[in-house]
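Presented below is the structure to which this report refers.
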Amino acid sequence: MNIHEYQAKALFEKFGVLVPKGAPAKTPEEFVTALAQLPEGMIVVKSQIHAGGRGKGTFTDGFKGGVKVCKSKAEAREAAGKMLGNTLVTAQTGPAGRKVQTIYFNVGSQIKKEYYLAILLDRATSRPVIVASTEGGMEIEKVAHDTPDRIFKVHVDPAYGLADFQVRELVFKLGFTAAEGKNASKLIRALYRCFWENDASMVEVNPLITTPDGQVEALDAKVAFDDNALFRHPELVELRDLNEEDPKEIEASKHELNYIALDGNIACLVNGAGLAMSTMDIIKHFGGTPANFLDVGGGASREQVVAAFKIILGDKNVRGILVNIFGGIMDCNVIAQGIVDAVKEVGLELPLVVRLEGNNVAAGKATLATSGLKLVSGDSMADAAQKIVKLVA
């Protein structure tokens, strides 16, 4: 689960991380209240969406920049008015962009130098890893590609926690002065506590800055949490912004389906994440474009299959459907019955290709064969993929 920058900074403050003073607003009337909380001078106006690249983004009406540095409150209010309710397109939103429904006003900071700092889960080592760089304010992927020697990594033993020597190592490699180093050490420890105690999957600050008076501030904040651990943090669940999520993905989660919308026109219904990714790959291989990732899991019920079809058909870009099932735990006949019920309920008019293999496959194929449905059978994954690509061409 992702949260907005203003929410992440509020969380940071609870752990003692220094952040610029700020205030969010959701309406033009709230602009006045929010700005009244801030001192006169430079104000940074930030669009709040769950995507990066806001500063370089463009709104659909042509207004450029989802982050604006303003010299006065009047200028900040004017910029916020152009952002609120507008749709911001960035490199991470896709062409559809995201509608801005919250504005975050920040007091401007005096920047001496910018850094990058993030805490992530390294699945290769099964440990948290702190990633830091002297090149802040830039895309970390570009830094890793162009100047990999400027990125430092410290893996943390979860049984022991973040050690003092590891903090000192980071402070030394990042080149902080003695005065800055004390504040940086405090901030790094606070960020790690925030990461660990909230079951976060990512805490990112880009940029982390030093100021002329030796302070170390989190100028930006991005936090994501492990969905599987949210039951331990009901206070974090309240921060979820459903407006930032695809309605189809929200509906899928209600039925315990793993769904991610994509930009293609061939919908996929598959059991198992690995098979789902392979199915998308083979569709691309034969010239098609997948419309989604949809894993119904190893023990889906008939009701879940019906729900999956309804979610798929909620995407207006879908021109055909490929069902690819390999039954291990999954009973192929349950899938087949779900397909029959779903098609009859929603009145499917799109091409449908079904490939079934594995547990109780004979009964599943018999159910489909006697259903009277207009569908195409696939003898193999490659055969099924070729058929659906041809049908939607």
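A Cβ is built for glycine as well, from the same backbone N, Cα and C atoms used for every other residue.
As annotated by Swiss-Prot, ATP binding site applies to LYS46, GLY53, ARG54, GLY55, SER109, GLU114. Around ARG54 (ATP binding site), the same-chain residues six or more apart in sequence whose CB sits under 8 Å from its CB are LYS46, SER47, GLY65, GLY66, VAL67, LEU88, THR90, listed in sequence order.
Annotation source Swiss-Prot lists Mg(2+) binding site at ASN206, ASP220. Look at ASP220 (Mg(2+) binding site): DSSP puts it in coil.
The substrate binding site annotation in Swiss-Prot covers ASN271, GLY328, ILE329, MET330 and rests on sequence analysis. All protein chains shown were included, and the count of other CB atoms within 10 Å of the CB of ILE329 (substrate binding site) stands at 12.
Taken from Swiss-Prot, the feature domain 'ATP-grasp' applies to 9-251, supported by sequence analysis.
Using Cα positions, the member of the binding-site residues GLY53, ASN271, ILE329 nearest to ASP220 (Mg(2+) binding site) is identified as GLY53. Under 8 Å, Cβ to Cβ, and six or more positions away along its own chain, GLY53 (ATP binding site) finds THR90, ALA91, GLN92, THR93.
Summed and averaged per residue, pLDDT over the domain 'ATP-grasp' (9-251) gives 95.
Across the fold, the C-alpha of ILE329 (substrate binding site) and the C-alpha of GLY55 (ATP binding site) stand 48 Å from each other. Considering only the binding-site residues SER109, ASN206, ASN271, the Cβ with the fewest other Cβ atoms within 10 Å is that of SER109.
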